[in-house]
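Visitor: My questions all concern the structure below.
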């Protein structure tokens, strides 16, 4: 499920409602709510086709015969973080090497300002950077 479509959305809703089983359920984690700053204990997360379908106190209704279950045992569960302003080339790294450095620490997306590569190589440099990403 790369692109979110109306059909994919219906499947996610069906999973959240317990009408179809999740592929994966992570149970009993501490949810880091980045909107409120709260840590919400005893939280389950259900995943279908690589997307989160349900977050709440119990995902038992999403578990089927073939659902993989991971016991979080109170570990923290945090959504992917977005870096709102980044100059990748300032770190003297390629996009690939930058991602290798930040992804394990929770950054899953970023808004890149490629002004340095644009100043040196122009539009061709920006395209090269985008192609590598």
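Cβ coordinates are placed from backbone N, Cα and C, and glycine is handled just like the others.
Whatever TrEMBL says is automated annotation, not expert-curated.
The domain 'Amidohydrolase-related' annotation in TrEMBL covers 76-132.
Describe the structural context of each listed feature in the structure shown, including burial, neighbouring residues and relevant distances.
Guide: Sorting the domain 'Amidohydrolase-related' (76-132) by DSSP state (H, G, I as helix; E, B as strand; all else coil) yields 32 helix, 14 strand, 11 coil.
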Visitor: Along the domain 'Amidohydrolase-related' (76-132), what average pLDDT does this model show?
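Guide: It averages 89.
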